[in-house]
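Per Swiss-Prot, active site, nucleophile is recorded for Cys2. According to Swiss-Prot, the active site, for Fru-6P isomerization activity annotation covers Lys607, on the basis of sequence analysis. The feature domain 'Glutamine amidotransferase type-2' is assigned by Swiss-Prot to 2-221, with sequence analysis given as support. Residues or ranges marked as domain 'SIS 1' by Swiss-Prot on the basis of sequence analysis: 289-429. Annotation comment: Swiss-Prot describes 461-602 as domain 'SIS 2', evidence class sequence analysis.
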Amino acid sequence: MCGIVGIVSQRNILKFLLTGLNHLEYRGYDSSGLAVIDNNNKLRCIKKVGKVNVLEKAILNKKMSFLGKTGVAHTRWATHGPPTENNAHPHISGNIAVVHNGIIENHEHLRSKLKSYKYKFNSDTDTEVIAHLIHWEQNKNGGSLTEVVKRVSRMLFGIYSTVVMDSNNPNILIAECFGSPLIIGLGICENSIASDQLALLNLSKNFIFLKNGDIAEITNSKIRIWDKFNNKINRDTVQTKISLDINKKGNFKHFLKKEIFEQPKAIKNTLKNRIKKNYIYLSELSGKFNKTIKYIKHIKLVACGSSYNSAMVSKYWFEKFAGLSCNIEIASEFCYRKIVICKNSLLIFLSQSGETADILSALRLIKKFNYVFSISICNTPESSLIRESEISILTHAGVEISVASTKTFTTQLTALLMLISHICYIRKINEKSQTDIFNAIQILPNRIEQMLLVKNSVKKLVKNFSNKKNVIIIGRGELYPIAIEAALKLKETSYIHAEGYAAGELKHGTLALIDTNTPVIVLVCKNKLLRKTLSNIEEIKSRGGQIYIFSEKSIFFSKSSNVNITKLPFVEELLVPMAYIVPMQLLSYYIGIEKNVDVDHPRNLAKTVTVE
């Protein structure tokens, strides 16, 4: 993986391929490359390690022409083999060029087979296996490129997508979609394909989303699609509302900072049209969901990464407000063990991108079980998760470019809180909690704005952390998962090893890590757990730990040489998880900047993880 672009046109397409790659960089990358069939029907390929601008400079310095009307391009995030030019895509076998996302699980067996046919491998990738296999099948058994790709697809096992180009058939691309997303962009005398519609927004506003098992034949004037049963089929065309403007930083130096400061607006957009006169109502959940909601006795949430941390917060809420038992599953574990799903369960799938392979596998897996209903909560309107779910709740945070989740995390929590209120409303239970959520959630954007004002206080702490190798973050109640999310942000954006713990668990092993060189961040709010958290602070102080407290202004702490206190504005207890993550996001950002980390594109990470 990570990003595919392909174009068939009547005009030269080099600049559009490069633009597409630039729009895919946010998904994660370590190298990039492109191949075009030039105006003499010769296959021209170039690959480089690093950012797309490294590839652009190399193309400018090359004497050979990369002008052509058919081409493919790719940004790579390494899964098989290190980031090298040989491992970058496209991969070439004679007249065949292939770009690929996903993993071919039986590539070692196929590699051995191809070596016996005297094929030589220049890379460590599973993608080169596909290129050689298509070349071998084409030469051995003949047929159109479409027929050859169909036959080869039956030899491959895994979740993947590919786009194939043949210099002997210069006006056609063949795409296959087996669990990893591909989107066709429709143009005039030009058609395109990509793994993300952002790559094609400068070419089209009209898209076809391929379904699992689809194989598509793309020319500059026609699209033909076959489904997994090899039936020729028409797929719906969708007109997107996404604008290229979202891909701009505005007055901010980094997308990460921009997205942190966009959170009040993102939350307002998530609340829009969902606040009625005196209650919260999610129109997406009308009809069958509202009729069956009375049968729900259990909640199961499935998520990865930051979405898993937001699910952890919501567990407290589901049990406290809706009186429903709740458990949380890591998607990558959920699919590979014997699972038990109660027939009176509501299943909730959380994803920022809606393309995370583990989440999609989990969603597809549960369809064979007996349960009441499933819902997805997602930020990407036209994603695979949205299209495959029974019902979806969109968070409307706007496109998030930085790899580290910020506004999608807080809007996801907002959506979960609204869902809980909606369930209480339909079931006619806990009117007080409904009122509390209704009143609090409307002032959440304002509370986030106030929390952003602590940026200067947070910035003063940066040098105390930037040279540290380890950081411990603790919290109680809903602040425990926020401590975990804060630790994840530090890992991602500053490369500091950080761990979030439940404060009460310190004495069960973590106290052994406390020393004068390990900062301990303590998240404190004024609630019934305050006294216990204060006791934990004393435990750390007595062992010489360096303590950094983030707490509401009204809480008093005795002065101590090894304690630093950052005072936070008042926030309602219900809104503490969404509000308290903000200073942690800011701290992670400023430490990353101090350490000269590429905070928008941290090393080794991808925004959209399309492999399991």
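The backbone N, Cα and C atoms fix where each Cβ goes, glycine too.
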How many other Cβ atoms sit within 10 Å of the Cβ of Cys2 (active site, nucleophile)?
27
Measure from the CA atom of the residue listed as 'active site, nucleophile' to the CA atom of Lys607 (active site, for Fru-6P isomerization activity) and give the result in Å, rounded to a whole number.
9
Helix, strand or coil at the residue listed as 'active site, for Fru-6P isomerization activity', per DSSP?
coil
So how many other Cβ atoms are close to Lys607 (active site, for Fru-6P isomerization activity), meaning within 10 Å of its Cβ?
25
Reported in the order helix, strand, coil, what are the DSSP residue counts of the domain 'SIS 1' (289-429)?
65 helix, 29 strand, 47 coil
How many of the residues that make up the domain 'SIS 2' (461-602) does DSSP mark as helix, as strand and as coil?
64 helix, 31 strand, 47 coil
In three-state DSSP terms, the structure that the residue listed as 'active site, nucleophile' belongs to:
strand
